[in-house]
Each structure stands twice: as C-alpha cells, then as structure tokens.
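Written below as structure tokens is the structure these notes are about.
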Amino acid sequence: MDSVIELQRKLVEYTSSLIQEGILDDQFTQLKQLQDESNPSFVVDVLTVYFKDSENQLNEVEKALGQKDIDFKTMDYNIHKLKGGSSSIGAPRVMKVCLAFKIFCKEENTEGCLATFEEVKQEYSLVKSKLETLLEAKDEQVARKETDEGEDVGKGERKGRGKTSILIL
C-alpha cells in the first residue's frame, strides 16, 4: 500500500496532468490554495456544489431543447450559470463550449444549440469524471493517513487525536 507521501505525490501529478491536458486551469490551483486547516473540506464542498448545480442546469437546458417552442433565454441563462461555475473551479473546456452554445442561443439557432449541447454534456462529463477520480484519490489518502496514525498507538490512545490535519487535494 502506498504511503501518504506517495499518494500526495500521485495527487499532485494527476492534477498537473489535468492542467496540461486543458481539462483544468490555474483557477483550480487557486481554489486549492483557499483550503486550509480552518476549512479542510473546502475544495470538496465547492466541487460538490458545482456538480449539483451543473446537473440542474444541464437538465433545464435539455428540457428547454425538448420543447416545441424553445425558450432561448432560459437556455442562455442556464448555460451562463454553468459557464460561471466552470470558471470558478477552473474547467476551461466546459467554459469554451458554453460560450459557443450562448452564441447559438443569441442567434436562436436550434440546430447549433442541439449540436453544441452534446459537446457541453461531453466536456462536463469528462471534467466531472476526472474530478471524481481526484476526489477518490483524496479519500484514499485521508484513509491511509488515518490508518498510519492508528498504527502509532501508545497506551491505548491514538496519536494526533484532536488535531486538525489537512491534506491538500
């Protein structure tokens, strides 16, 4: 089993690869820097809200696209929110396809919206799966740290109890 330090190294490498691939950008790095001992689950909390809100926005757009009379303003509003959330977490590829979708909304181009919405869903699914992999690796790191601390037992007490430890995502 990998040590906590080895898992931390793998997390850093994985995050770097996502940035190099353009799936994430420096905004994600800045987001991670906001996490500290006073709020050790900050990044997880932000991503959880992003996933929930994004799913809602995608569902709203899908509903609007399925209507006989398409409400382009509603679609534009929801895609704008998705673009903003994606910007906040550092997902530039999602932002880029959202911008393209917004152009088709302004033009009231149904075919363009339909085609671009497929791209929006694909890019969102990609970033979500990559970030979920990152969160799972983070969970493994936390579990390993707790196991390591449990092995350092002296006189029936666990070392580190009562301390807040932070493992950077």
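Each Cβ is built from the backbone N, Cα and C atoms, and glycine gets one as well.
What TrEMBL says about a protein is an automatic prediction, not a curated fact.
According to TrEMBL, the feature compositional bias 'Basic and acidic residues' maps to 141-159. The domain 'HPt' annotation in TrEMBL covers 39-138. Per TrEMBL, the feature phosphohistidine maps to HIS80. Under the heading region 'Disordered', TrEMBL lists 141-169.
Sequence-distant contacts of the residue listed as 'phosphohistidine', defined by Cβ-Cβ distance under 8 angstroms and a gap of at least six in the same chain, are CYS98, LYS102.
Mapped onto DSSP classes, the domain 'HPt' (39-138) shows 86 helix, 1 strand, 13 coil.
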